[in-house]
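Working notes, beginning with the structure itself.
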Amino acid sequence: MLLNWSTLGGVASFFGFAHFNWNLSPKFSANWCSSGYGSLTREQRLEWDARVGSSVHAVFCCLVCLVCWLCQPVSLFNDPKNLGGSWWFLTAAMVVMAGYMLADCVGMLAYMTWKEMGPYLLHHCVAMICFLYCTHYGMLQYFVLFRLISEVSTPFVNLMWFFRISGYRNRAPMLNSVNSLVLAVSFAAGRIVLVPFYWIKVVTFLTGSGKFFIFRFPITFALWTLFSGLLDVLNIIWFQRILIGGLKVWRGSRKVKTDGPTVDAASNGVASSPTQ
C-alpha cells in the first residue's frame, strides 16, 4: 500500500513540477519580470523557469525541515542512538521531492549539454535513490532531514543567476554583493559546517541500535555511505566555486562605484562599462 501510495504521489509531483516549470513559471515571469525575461533566448528562459521551480522546491524543503524540528516526532527524535525511524509527514515530503528531482532532470535535457548536466544529474539521482530507499523501507529519515537543511542556500544560488542573466547585477551591485555574501554563509552553514555533525550522528547510530543495520541491509548501507560521501564532495567543489565567484563579485561591486571600467565577475575579469 505504501509503495502504491508513494508511486502515485511521485507521479503527481513529477507532472505538477513539470507543469509549473513549463507553463506557470513562463507566464509569471513574463508578467512580473518582463524586462529581463523577455530579452532572454529560448534556452535561457528554460533555465530561468527551471530555477524558479528549484527555488520553490527549496522553500518547500526548508518548510518541511522547520515542521519536523518544531514537532519533534518521537519516531525521528526518540533517542540519539535510535535514529532509524520514519514519520508519515517526512515520507510524503520525500515523495514530492523525488518527483521534483525527476522533473528537473527531464527539463535539463532541453537547455544543457550532457557535460553540463553531469554534476546535477549525479546529485539528483543520488537524492532520488535515497528518497526511494527511505520511503520504501521507512527508515533513516532523520538523516534525510539532516541533508534537507542544505536546500537553504538554493534560492540564493538561483537569485545570483537571475541577477547575472537579466543584467540587474550591474544596476544594483550592492544588492548582488549582499546576496553573494548570504549565499556563501548559507551554503557553508547548510552544506559544509554540518558535515562533521552528520557523520557523528551516523557513527552514533551504527554503534548503537543500528548495529544490525550493516548486516541486515548491506547494500543499503553501502549506498547510503557512498552517496553521502559523494554529496559531500560535490558540495565542497561547489563551495570552492562560490567562494571564487563571491570574491569576484565583491571586487566588481567596489569598482562599480567609480566612473572607470568595471570587472564583470561572470566574464572572468573582462572589462565592461558600468550599466546606467
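Yeah, the Cβs are placed from backbone N, Cα and C, and that goes for glycine too.
According to TrEMBL, the feature domain 'TLC' maps to 43-251.
With a cut-off of 8 Å between Cβ atoms, the residues of this chain six or more beyond the transmembrane segment (52-75) that come close are 17, 20-21, 25, 28-29, 85-87, 89-90, 93, 96-97, 100, 103-104, 107, 145, 148-149, 151-152, 154-155, 158-159. The annotation transmembrane segment is assigned in TrEMBL to 52-75 (among others).
Sequence annotations record features per position, and here TrEMBL assigns transmembrane segment to 87-111 (among others).
Distant neighbours of the transmembrane segment (120-138): 2-3, 6, 85-86, 91, 94-95, 97-98, 101-102, 104-105, 108, 112, 144, 147, 217, 220, 223-224, 227, 230-231, 234; these residues of the same chain sit at least 6 beyond its ends, with a Cβ under 8 Å from one of its Cβ atoms. Annotation comment: TrEMBL describes 120-138 (among others) as transmembrane segment.
Listed as Cβ neighbours of the transmembrane segment (144-163) (distance under 8 Å, sequence separation of 6 or more from its ends, same chain) are residues 36, 47-48, 51-52, 54-55, 57-59, 61-62, 64-65, 68-69, 76, 90, 94, 130-131, 134, 169, 172, 175-176, 179-180, 182-183, 186-187, 189-191, 194, 198, 201, 228, 231, 235, 242, 245. The transmembrane segment annotation in TrEMBL covers 144-163 (among others).
Same-chain residues lying 6+ beyond the ends of the transmembrane segment (175-200) with a Cβ under 8 Å from its Cβ atoms: 143, 146-147, 149-153, 156-157, 159-160, 163, 168-169, 228, 232, 235-236, 238-239, 242-243, 245-246, 249-250, 253. For 175-200 (among others), the entry in TrEMBL reads transmembrane segment.
TrEMBL lists 212-238 (among others) with the feature transmembrane segment.
TrEMBL lists 257-276 with the feature region 'Disordered'.
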